Structures are given as structure tokens and as C-alpha cells.
Amino acid sequence: MKVAVFPGSFDPITWGHIDLIKRSLAIFDKVVVLVAKNKSKKYLLSDVERFSLAKDVISSLNFLNVFVDRYSGFIVDYALINSIKFIVRGIRAFNDFDIEFERYLVNNKLNFKIDTIFLPSSAEHLYVRSDFVKELMMKKDVDLSHFVPELVFNRLKSKFIDK
């Protein structure tokens, strides 16, 4: 069975993430969506909220063979512990590739048996970023349906707007 881990902060999970998960399923038998913690990032949602939201979204979409987990160490260590041989990374633009390629080189030094698969974003999701969702959430009456599922919007709205 070919298994891949798709790590990210998912702060929050977006249609861009979901598209990459769906496309990963065309390549792999099982995909683990790994809600990761990067100590150098400032998050809008807590670790528990990001994990819970990702899990609820994946469940609502009825994906078979997609599982959600969380981890705060090196992704390559998670893959090794769980006998996963592939890491999937999404690429929106050239600057994403530079960052992800450097990450691949570090991971390769840590464990050369785990490979990274780069998936370019679909054209319709090139502009979809969690950062934009966070910024747009502060505007009232903005349509975020192109960025996030309704479940995500409602959860964010109840936390930040309906206070």
C-alpha cells in the first residue's frame, strides 16, 4: 500500500488544500493529512482547533482513505515512525518551490528513504492561501466560498465575527 503524508498548518484548511488531497488520492492508496506545528509561525487557530477543523472537513467530504493526524516535530520523523515513504507538498508559485525544495533537501539529509512529491496547485486554486482567508475574515459580508468550505467559514465566523 502506497501511503503519503500531506503536512501543513491548515490555519485554516482551504479548497486549495482539499484539491491537493483529492489529487494525492489519485497517486496514493492512503493520505495522512498532518496538522503540523511550526514554532516560528503565529497561528490564528489553536493546535486543537486546526486539527478538529481539518478532521471535520475531511469527514464531511466523505474521503475514503484520508486520515487526519497532528504532530509537532520534523515531518520526516513522523513519516519514519509511521512507515510512510512519501511526503506531498503543494506548490503555488516559484517562491513556494524554492522553500519546498530546500525543505526536501533537509529531509533528504535526515532520511534519504523518504521522498517528496511536489504537486502544483490547480489553476483555480493558485490564489487560495490561508493568509488571505485570515485577512478577509476581518471584513464583514465577504464571500469566502472560493477559499474555504462553508463548514470552515461558519466555524471562523462564530469564533471571530459573531462575538
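Glycine residues also receive a Cβ, built from the backbone N, Cα and C atoms like all the rest.
What Swiss-Prot says about this protein:
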type	residues	note
BINDING	Ser9, Phe10, His17, Gly90, Ile91, Arg92, Glu100, His125, Leu126, Tyr127, Val128, Arg129, Ser130, Asp131	ATP binding site
BINDING	Ser9, Lys41, Ile75, Arg89	substrate binding site
SITE	His17	site 'Transition state stabilizer'
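Candidate binding-site residues: Lys41, Ile75, Arg89. Nearest to Val128 (ATP binding site) by Cα distance: Arg89. When Cβ neighbours within 10 Å are tallied across all protein chains shown, the highest count among the binding-site residues His17, Lys41, Arg89 belongs to His17.
Look at Ser9 (ATP binding site): DSSP puts it in coil. Taking all protein chains in view, 20 other C-beta atoms sit within 10 angstroms of the C-beta of Val128 (ATP binding site). Per Cα geometry, Lys41 is the residue among the binding-site residues Lys41, Ile75, Arg89 nearest to Ser130 (ATP binding site). Glu100 (ATP binding site) has Arg89 as its nearest neighbour among the binding-site residues Lys41, Ile75, Arg89, going by CA to CA distance. In the three-state DSSP scheme, Ser130 (ATP binding site) falls into the helix class.
Note on proximity: among Lys41, Ile75, Arg89, the binding-site residues of the record, the Cα nearest Ser9 (ATP binding site) is that of Lys41. A straight line from the CA of Ile91 (ATP binding site) to the CA of Ile75 (substrate binding site) spans 17 Å. Lys41 (substrate binding site) and His17 (ATP binding site) have their C-alpha atoms 18 Å apart, to the nearest angstrom.
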